[in-house]
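The domain 'EF-hand' feature in TrEMBL is assigned to 287-322, 369-404, 405-438. Residues or ranges marked as transmembrane segment by TrEMBL: 31-48, 68-86, 92-109, 121-142, 148-171.
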Amino acid sequence: MATNTTTTSFDLLPHSKHVDWESSETTFRMYVGYLSLLFDVGVLTYHFTTPFHPKFYVTTARRRVLQLHILSGCLEIIACVCAFYAQDPTKYAYAAAAFGAIAHVPSTFYQIPTVLGIKAFLVPSLGLVTALHGYFAINLVLNPTSFYYLLSTYLTVHIYAWSRVFFALYYRFKLFEGHRFSAAMLTSGTLLVPSVLGLRGNIGLITFVIMSDIILRSTGTVEFWKAWTTEHPRELAANPEKKVVLEALVTAAEVSNAVQSLSVQDPKDRYSRICATVMTANARNTSPREKAFAVFRAIDVNRDNELSVNEFKDFLLACGISTFEMEDKLMLEGLFQNRKVVTADDFCAWFTKSWIHSSSISVPRMPSTPRGQAKLVFDTLDADGSGALDLVELETLLTSWGLPHSEAADYLKNHDKDKSGTIEFQEFYETMGTVWKFAIQSFIDEGKILIEA
């Protein structure tokens, strides 16, 4: 049976007995469909045994939308399978189309703006695939016995399931580190779009993404474009570029007490002095905030208790990072934020916030109780050891996970029961389970927790 036939007479039903296996296009679509059903089991098992990403659960509205999304997707898939095997698929096709067009497609559009990864690629491509899903669902209502629209509706609902499969594959073989979520979503899109539109589908997908970004680039602000083209990883770990900077900063911390002045004009001479004296001082056993102060003293070459952009650039050059890399990776943006100088407190806040996402966590043993796991996460986030988490730092953490600033602020405001502007451990443990449960699972998945011998 040709896949581009929009109607099917009842003498060619059920669909399952009249698949045109001689057609390579139909065969490809059918294999993708069977694999999708197999992967559904694994994806659902994963989600029912692993904490959801906090961005889906920090507000009631998002929690309800996620529940609707999962339920409607499952029911739509079941209805599609029943329609494929039924002698009269009409009622099942109507049900599948209704679940898709009324519930699953709108709930997907609602969640697209908070997608992780590189939004410049993923928002347009997910928007296009979701629109295709809606288009096929509506046409399935108009042609309930159409094999083409039934299979296309079934395939487009699986964009997320396939992205989870590719994400797990890339994670297993340590591929695309730092861009794993974007790579997984793009791979699933380039697989599913041709399965419903043929090879021309990928050309259309690429064209749509490029045109969307050209329009946004010409109309959006510089700040918007930076956020739009920056990777927002699903994992809790910092990106590789940030780790390079932090490692360089720790090197400075280790020699800060031994090197009286690092203001050597030639970066190569300065770097050689760091290497020559690195074994004479050790800052690795201090807290992140103590490390930060040591680093600040090491690179504040004029000792004015302020760090200028030029001083920090000079230090990065000394550590082998080129000017092009600094600008390309936005290494100065997070610290200076359009300011000419930063204070020691500004620098320490930036350093400790970055440090908790990049360093390993050493513990005598893995906590076995929920309270112990929450305490481990709390102590890790409490970089200055004050016994409380600053709301601004927690908001930064939540927005880095893809949550809009307004929703992150509202969530933290509602959980700051005593209105102190900080979150103490008891508040964190009792009311922010969504955050610490995801964080502890993320620490485990990334291998950040090291058991001391």
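The backbone N, Cα and C atoms fix where each Cβ goes, and this holds for glycine too.
Regional average pLDDT for the domain 'EF-hand' (369-404) in the model is 78. Across the domain 'EF-hand' (405-438), DSSP helix (H, G, I), strand (E, B) and coil residues number 24 helix, 3 strand, 7 coil.
Of the candidate ranges 31-48, 92-109, 121-142, 92-109 contributes the most Cβ pairs within a distance under 8 Å of the transmembrane segment (68-86). Below 8 angstroms of C-beta separation, residues 70, 74, 77, 81, 151, 154-155, 158, 160-162, 164-165, 191-192, 195 of the same chain, each at least six residues beyond the ends of the transmembrane segment (31-48), sit close to that stretch.
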